[in-house]
Amino acid sequence: MRVFNFSAGPAAMPEEVLRQAADEMLDWHGSGMSVMEMSHRGKEFMSIHEAALTDLRDLLGVPASHRILFLQGGGIAENAIVPMNLLGARKTADFVVTGSWSQKSFGEAKKFCTPHLAASGKTEAGFTRAPARAEWQLSDDPAYVHLCTNETIDGVETFEIPDLGDVPLVADVSSHILSRPMDVAKYGVLFGGAQKNIGMAGVTVVIVREDLLDRALSICPSAFEWKTVAANNSLYNTPPTYAIYIAGLVFQWLKRQGGLEAIEARNIEKSKLLYDTIDASSFYLNKVEPAARSRMNVPFFLADETRNEDFLAGAKARGLLQLKGHKSVGGMRASIYNAVPLEGVKALVEYMKDFEQRGA
């Protein structure tokens with residue numbers, strides 16, 4: 001029996017994609033091979049690779065000025081790879097810290113430069129807001145400005161993306177990429193791990209403006225130097241072939257759903273239903289300011305936290321899984337990525353209401 005999976009990542013996958021991958025597991029398109037057995041330079045995999053790149057460019061509207069790269073290491077590795085590729089001769093990078101992940105990025109950058117805290121969304125209640133551009137205090141000559149546009153742990157999403165002129169904006173989009181349209185031209189670099197909205201863990205997507213490819217530090221490993229990866233069409237070393245294949249299937253699925261405009265409408269409906277339920281209750285609490293609430297990751301707390309384990313056990317009995325909040329913040333968290341259907345959110349909301357009534 002399939003359950004409703006609210007995991008923050010690796011996360012729920014579209015069932016159509018899972019079924020297609022199962023059907024093609026032993027024999028991809030009459031090749032007699034599984035995708036995971038193919039040479040990454042053979043014509044069969046090359047067709048998969050090129051289709052994935054093309055479909056992602058189409059979905060996001062990536063302009064010709066930007067290159068799409070498939071790497072490995074996830075978002076965590078990019079926290080080191082970004083400064084190694086962008087610092088050049090500069091010694092400072094600016095950070096807007098809106099949650100746990102941008103805080104990690106800030107800390108990792110200390111190994112390569114002197115990071116400057118341009119703004120913070122931290123309050124007495126934790127990370128609960130996305131600072132407006134007017135609050136950002138940029139340094140005199142930063143190599144770039146880093147922003148995590150959706151904080152998976154804290155449930156903070158930044159919707160207003162400013163124009164920073166000549167300063168490249170770097171965004172960690174791991175947990176909301178492909179959930180809504182984006183103006184890619186505003187960014188110098190976008191990066192994200194795949195295991196939330198793109199596909200399975202193993203491949204990392206980097207979208208980088210071409211004029212930024214000449215800034216790498218000499219210490220940057222060649223396998224992670226964007227210029228080298230771009231020059232080799234993401235095939236400098238053996239790529240995560242099966243993860244790229246799965247990502248390609250997800251891109252095709254997104255196109256069949258009507259593209260990102262249609263997906264955004266679904267995500268608004270799902271998140272609104274869940275937040276409205278929380279706000280109408282005196283038993284559940286979300287601490288994030290309404291304007292910064294994530295559509296993908298919804299943390300919430302029970303008024304009586306001694307009942308947390310009962311809540312999780314009851315949810316599991318109804319086929320509602322992986323609702324436990326991150327260990328650093330506690331409580332609950334429902335990650336409602338693209339592949340989580342509206343029916344799953346409705347089932348969760350119904351359970352939340354029942355649980356509250358039983359405890360009243």
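Positions of Cβ are set from backbone N, Cα and C atoms, glycine also.
The following features are taken from Swiss-Prot:
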type	residues	note
BINDING	ARG41	L-glutamate binding site
BINDING	TRP101, THR152, ASP172, GLN195, ASN237, THR238	pyridoxal 5'-phosphate binding site
MOD_RES	LYS196	N6-(pyridoxal phosphate)lysine
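Cα of LYS196 (N6-(pyridoxal phosphate)lysine) to Cα of THR152 (pyridoxal 5'-phosphate binding site): a span of 10 Å. DSSP assigns GLN195 (pyridoxal 5'-phosphate binding site) to coil in the three-state reduction, placing it in neither a helix nor a strand. If you measure from the Cα atom of THR238 (pyridoxal 5'-phosphate binding site) to that of the residue listed as 'L-glutamate binding site', you get 9 Å. Calculated from their C-alpha atoms, the gap between ASN237 (pyridoxal 5'-phosphate binding site) and the residue listed as 'L-glutamate binding site' amounts to 10 Å. Among the record's pyridoxal 5'-phosphate binders, TRP101, THR152, ASP172, GLN195, ASN237, THR238, no two C-alpha atoms are more than 30 Å apart, and one pair sits at exactly that spread.
Here the Cα atom of ASP172 (pyridoxal 5'-phosphate binding site) is found 30 Å from that of the residue listed as 'L-glutamate binding site'. Separation of the C-alpha atoms of TRP101 (pyridoxal 5'-phosphate binding site) and ARG41 (L-glutamate binding site): 35 Å, rounded to the nearest whole number. Mapped onto three states, the DSSP output places TRP101 (pyridoxal 5'-phosphate binding site) in helix.
Under 8 Å, Cβ to Cβ, and six or more positions away along its own chain, THR152 (pyridoxal 5'-phosphate binding site) finds ALA8, GLY9, GLY99, SER100, TRP101, SER174, SER175, LYS196, MET296, ASN297, HIS326, SER335.
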